Amino acid sequence: GGSSSAAAAAQVIGQDEAVEWVKKDRRRMLHVVYRVGDLDKTIKFYTECLGMKLLRKRDIPEERYTNAFLGYGPEDSHFVVELTYNYGVESYDIGTAFGHFGIAVEDVAKTVDLIKAKGGTVTREPGPVKGGKSVIAFIEDPDGYKFELIERGPTPEPLCQVMLRVGDLDHAINFYEKAFGMELLRKRDNPQYKYTIAMMGYGPEDKNAVLELTYNYGVKEYDKGNAYAQIAISTDDVYKTAEVIRQNGGQITREPGPLPGINTKITACTDPDGWKTVFVDNVDFLKELEE
């Protein structure tokens, strides 16, 4: 806009420049953070049933929590999960807003058999997706988080989606495109089952982790519970990132700047539906991994 207010003068980046910059910024989905009631049990399930590797673990006794990072390859090149265990908290409410995590496997039926053999919960048997060809199944982990198993050939990014429900799909798509620089990879309306999905991401679905947004006809609000936390995304500049998010109606929940103690620069925000995202400086993130 042409406003000459103090607020406009303080802007780091103009709106046209912002659109261009966000597209060029080196962004990648780094990890998804959520809370679990029994860390060892979850690690065992993810490694034995889902084929993940335990990448690192850090205990912060003074803050009374432990983190564990698991995934299908090194954190500098793969989307991974970051589990949080808070001392003494044995269960969480997943709520109705969180959907599922997606994992690409080469043989869904075989994976499901393994999960059953290990005493896991299968909520949808392997078979073609409604009105489509791809073979999927749904399972639950020990805390009740749902995982969609998707049959796919070898892929660089097996942990391939996070599905979250939103109350206004077009509004959400617009926000993720403009504020986050994501691409709308595909959109599918399913009137028979009264829902629409949109796949958002930083590259093609078969090679990158994506955010799957689901809109259920007529449902504007969901209960977020207290289990799922946030997604972390990398950026070359957390300050510009925060500015662009503000320009596009996102709420900044943590001002951009270094974290005390580790100096990693981050900023955090919520989207129009209240979903939280943390942006992490690319260089700082890689430094943190080296330690």
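FYI, residue positions are counted from 1 along the chain as it appears here.
In case you wondered, yes, glycine gets a Cβ from its N, Cα and C as well.
Feature annotations, courtesy of TrEMBL:
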{"type": "ACT_SITE", "residues": "GLU148", "note": "active site, proton donor/acceptor"}
{"type": "BINDING", "residues": "GLU82, HIS100, GLU148", "note": "Zn(2+) binding site"}
{"type": "DOMAIN", "residues": "28-152", "note": "domain 'VOC'"}
{"type": "DOMAIN", "residues": "158-282", "note": "domain 'VOC'"}
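Everything TrEMBL records as a feature, shown here on the structure.
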residue : record                             : CB count, 10 Å
GLU82   : Zn(2+) binding site                : 22
HIS100  : Zn(2+) binding site                : 20
GLU148  : active site, proton donor/acceptor : 21
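A separation of roughly 18 Å, to the nearest angstrom, links the Cα atoms of GLU82 (Zn(2+) binding site) and GLU148 (active site, proton donor/acceptor). In terms of DSSP helix, strand and coil, the domain 'VOC' (158-282) has 24 helix, 57 strand, 44 coil. Taking only the Cα positions, the spacing between HIS100 (Zn(2+) binding site) and the residue listed as 'active site, proton donor/acceptor' is 7 angstrom. Under DSSP, HIS100 (Zn(2+) binding site) is assigned to a strand (E or B) in the three-state scheme. Under DSSP, residues within the domain 'VOC' (28-152) fall into helix, strand and coil as 23 helix, 57 strand, 45 coil.
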